[in-house]
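S.K.: Would you mind keeping the following structure in view while I ask a few things?
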Amino acid sequence: MLVLASLGSWLPFAIVAILIVLFSLIFTSRYQQKRKRDYLVTVICSISLIIALLTASLLPTDVILVSFMKNSDGTFKDWTQNQTTRDDIQHYVEIGYYVLYSLVIAMAFLVNPFLFFYYEEKEEGEKISKRICSAIKWTAGFLIFLVVLLVLGIFVPQLASLPSDNSTSEWENVKYLVNHFDNPSKIEAIRSVTLHVKQNTIIIGFFLLTVYTGYGSIACPLTLIRGKRSARLQHEAIEEQRAANRAQIQAIKDRYPRHVSMPSREKRKLEDLEQKELVLSRNEESIKIVRRSFFFKCRYIYRPTQIVFGVLLLLLALLIFVSLLLSNINKCIHFVDFKQIFAQGNKTLPNPIDIVLTWTGKVYPANYIVLSLLLVYIIFTSVFGLQQLGIWYFCVRMYRFSRGRTKPQAILMLCSFMMFIVVAINVFVYLLIPQYSIYGDQHYAVKEHDGTMVVKPCTQYVTTDQCQMTVMGRIILRFFYKVWFFGAVYFCLSWLFLLMFVVSSLVKIIRSRESNIQEFSVERLLESDEDEDAPLIQ
């Protein structure tokens, strides 16, 4: 029975892992430059995405495992009656978390930065040895930053004071859970170091998630519903602009024939108009390709499907927004101080996603599928947000991401950002659905005053040995208990996520619909590489 239960939990994970490998390879290949494809970048970026996505995909398996351990009447199944057996089952999940988080740290702070600076130093005639030395020098800065995070992770917990006089019942329950499941061992120090570095890394990822996922989660469904601008009208507008531009060019040339000297101001104006003509020519070529494409000709077939799909994603986005909002409001209702903010779950207000996941838990593998789809949506909208917003340094856009046109440095940074975002998803899910992420759909039996047995759902407010925590729930609660202000930071960032969601929805509604092509400007034309002559189509 133990083998069958483990197989039922890990088989979906194996299937998802195969899909993750395929997705990572296709994603990296699709976004890389087609004419100057670098296979080393493809391999490293694919490995980075695989590691990050596997880390996120462990959460549904973790939840399913603890849910499998109990019957609907609140009793443990025969093969999980022993606490040692339950701990042994979860031990492999815990090893998976720590191994994957260690690999994320190694890729994010060592491998990816080295390869990024290796390509950043690429110049004509530059020796490979010199590029490697320069990349190592810059990568050393990331190692120093990693050491700083390590020092903060070691010393900050000693500076964090725990609640004493104003401890609440919720805090006492969390304290019980941490002490009950915290089993010191010889490798606990290594785990603690990894955990502290991971949490510092998650802070970066959670901020990126707030910006890019907060924007993408609402912008993606609204884009699908609103659609793009009319390709015919867009083509006509470009033709009108070209006609007006050509008329200005011809007027200047007529005023200054070859034998007449042209003033410098008029020369600059003529150069600007000729550059604008090149831009409009490329944009017109792109829109013509769009109008000739098979996909465009089938627009009356796929457009209704696109709208329906967009509405479904919009409902999911609103469900996430409402669930996170209610979860945060609930924390505010029971607020004592920021030291205990992470210990407060959904005690008063209902959580829609928690309710849906608990209800689907009655039929396997419905709850696994729903939770996985939730994670897929968060990841997909994060990619959408990165593609739409790009990477900015203050007010300067450093990189933009386009299918088949992304430079090696840009795609390495894209994969690094995705790694940071994906490792922060587990904390985001905890804030979104605190009860389900810790206990799944477990129940426990309790005897009432009249002697009757009542079955109740497991929550973090119950001090009982009849509920088995998920590994991720244990890791998060253990760390937040020891370093409370990380929980306070995540709580504040979750409000920033909600604000970003609202602002992005208003901006997306007010702004005009997207173009069918990624239109060139004079600046982009001057920045474009020689290998970017192909039209750029969205």
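Backbone N, Cα and C atoms are what each Cβ position is placed from, and that goes for glycine too.
Keep in mind that TrEMBL annotations are predicted by a computer and have not been checked by a curator.
Since the structure is predicted, the reported quantities are computational estimates derived from the model, not experimental observations.
So TrEMBL lists the following for this protein:
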TRANSMEM  6-27  transmembrane segment
TRANSMEM  39-59  transmembrane segment
TRANSMEM  95-119  transmembrane segment
TRANSMEM  140-160  transmembrane segment
TRANSMEM  202-225  transmembrane segment
TRANSMEM  307-326  transmembrane segment
TRANSMEM  368-389  transmembrane segment
TRANSMEM  410-433  transmembrane segment
TRANSMEM  479-503  transmembrane segment
S.K.: Short question: which residues 6 or more past the ends of the transmembrane segment (39-59) have a Cβ under 8 Å from it?
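M.R.: Counting only partners 6 or more residues beyond its ends, the transmembrane segment (39-59) has Cβ contacts under 8 Å with 13, 16-17, 20-21, 23-25, 27-29, 32, 93, 96-97, 100-101, 103-104, 107-108, 111-112, 115, 119, 371-372, 375, 379, 408, 411-412, 414-416, 418-419, 422-423, 425-426, 429, 437, 470, 472.
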S.K.: Under an 8 Å Cβ to Cβ limit, what residues of the same chain, 6 or more beyond the ends of the transmembrane segment (202-225), are close to it?
M.R.: 306-307, 309-314, 316-317, 320-321, 377-378, 380-386, 388-389, 417, 419-425, 427-428, 486, 489-490, 493, 496-501, 504-505, 508-509, 514
S.K.: With Cβ distances under 8 Å as the criterion, find the stretch in 95-119, 307-326, 368-389, 410-433, 479-503 that has the most pairs with the transmembrane segment (6-27).
M.R.: 368-389
S.K.: Under 8 Å between C-beta atoms and at least six residues away from its ends: which parts of the chain pack against the transmembrane segment (307-326)?
M.R.: 217-218, 220-225, 227, 346, 349-354, 356, 374, 377, 381, 431-433, 494, 497-498, 501
